[in-house]
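Taking it in order: structure first as structure tokens, then the write-up.
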Amino acid sequence: MQEPRKLYVKSFGCQMNVYDSQRMADALAKEGYVETQDPADADLVILNTCHIREKAAEKVYSELGRLRKAKQDAGSDTTIAVAGCVAQAEGAEIMKRAPVVDLVVGPQSYHRLPEMLARVRDGKRVVDTEFPAEDKFDHLPAPSAAATKKRGPTAFVTVQEGCDKFCTFCVVPYTRGAEVSRSVSKIVGEARALVDQGVREITLIGQNVNAFHGEGPDGRTWGLGRLLEELAGINGLARLRYTTSHPRDMDDGLIAAHRDLPQLMPYLHLPVQSGSDRILAAMNRKHGREIYFEIIDKLRAARPDIALSSDFIVGFPGETEADFEDTLDLARRVGFASAYSFKYSIRPGTPAAEHDHQLSEEVKSERLARLHQVLEASKTAFDRACMGRRFDILLEKPGRLPGQLIGRSPYLQSVVVTAPGAGIGDFVTVDITDVGPNSLAGQVVDAVEDRGRTSDRPLVAMEA
């Protein structure tokens, strides 16, 4: 009997890439591939790449350099593929810069991987970065029950891809294409199958997830709020999340879902990028800081216990000290539970790359450090406010010490507990007893029997 071929997939960047990597693995499982955690042991290595920042793209070439050396040292015939947004943006240039690469495949062509690999085995080098007319989701197989169980009680489900916003700093519209939404029936079908296989929490993902406008079973276009309501009716699906959102698409129906659906977790990632109206206009965000504050006020009125996270870019071309102070002010006023902050990175082909007033790395680094201080203080305050609170925790994986398990709070915080009799995929009610820099610790009070709800007791609003 022939031994199975081994597959190693490494994901860079966003949750969409994690999801896509899983779907590629599912497709290749049908071709006899089994996953390995060791690239040196693999017959096929896939790097699923991110192009959002220059540093992310350069990581890929560093990884390819390591793979080239390892392949030469071992004398192996490992097939090396580059997928994702770097593949889409750079295409055949990747093979010129890294001749070790056998296959370059863009995000819309993953369902064609088996036929591409057959061509590689015939000695060809393959580049496929087209936007095919067929929907890749119609052709990618669902994960097996064994694969779902191995991935744990949480899962991602893509509901839309692409972006029509054309922020001046961003490559996503060029690498992922226009906004396209899946049909409600396909999303619900995928979610039901995951729940039947033991998944208890689903995160809906998309480049601009709250721009979702899929066809409903009634033939009408449904927004994300109505989709969430439909998914909340799946028996056994205890938690729902979604990411990443744009303020322009935060409509009243979606805000009402936060008010009405206990399964929808009280934690929202809503990138703002800057607190300066002038910079927001230059970024083509098409909203100002006051609109952002209004959205936050509506969300907190609808769901008083909601917590927020965000993304920030510092050092955008032309950003003055006054612009940056506006960003610090917004961060302090909102009080984010968590946030990601980055220095502006020139992305070739975007309008901002042609801007005359690029800032020095020294200025960008200094501003990033100042913003990080504010955001870290806000996160610490939020975490400390959790002391003594009672949360329902979904147990996801073993801890480092015997008997320990690690779960997630409604706010995505890691929570370390000792829970005799409980296992991965179970919910336990926990009193938070300690706050660390990267996780919380808690004392188990009891098991949660009603897994169709997030909590059997209301959470208290927190101020960071």
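Using the three backbone atoms N, Cα and C, a Cβ is placed for every residue, glycine included.
Some features that Swiss-Prot has for this protein:
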- 5-122: domain 'MTTase N-terminal' (DOMAIN)
- CYS14, CYS50, CYS85: [4Fe-4S] cluster 1 binding site (BINDING)
- 149-383: domain 'Radical SAM core' (DOMAIN)
- CYS163, CYS167, CYS170: [4Fe-4S] cluster 2 binding site (BINDING)
- 384-446: domain 'TRAM' (DOMAIN)
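Sequence features, as recorded in Swiss-Prot, placed on the structure.
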residue : record                          : DSSP class
CYS14   : [4Fe-4S] cluster 1 binding site : coil
CYS50   : [4Fe-4S] cluster 1 binding site : coil
CYS85   : [4Fe-4S] cluster 1 binding site : helix
CYS163  : [4Fe-4S] cluster 2 binding site : coil
CYS170  : [4Fe-4S] cluster 2 binding site : coil
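Within the same chain, residues at least six positions away from CYS167 ([4Fe-4S] cluster 2 binding site) with a Cβ under 8 Å of its Cβ are GLN273, MET283, ASN284, ARG285. Sequence-distant contacts (6 or more apart, same chain, Cβ under 8 Å) of CYS14 ([4Fe-4S] cluster 1 binding site) comprise CYS50, ILE52, ILE205, THR244. Around the Cβ of CYS170 ([4Fe-4S] cluster 2 binding site), 22 further Cβ atoms fall within 10 Å across all displayed protein chains. Across the domain 'MTTase N-terminal' (5-122), DSSP helix (H, G, I), strand (E, B) and coil residues number 66 helix, 24 strand, 28 coil. Distance from the CA of CYS85 ([4Fe-4S] cluster 1 binding site) to the CA of CYS170 ([4Fe-4S] cluster 2 binding site) is 12 Å. Ranked by Cβ neighbours within 10 A across all protein chains shown, the binding-site residues CYS50, CYS85 are led by CYS85. Separating the Cα atoms of CYS85 ([4Fe-4S] cluster 1 binding site) and CYS163 ([4Fe-4S] cluster 2 binding site) is a whole-number distance of 13 Å. For the domain 'TRAM' (384-446), the DSSP counts in helix, strand and coil order read 2 helix, 35 strand, 26 coil.
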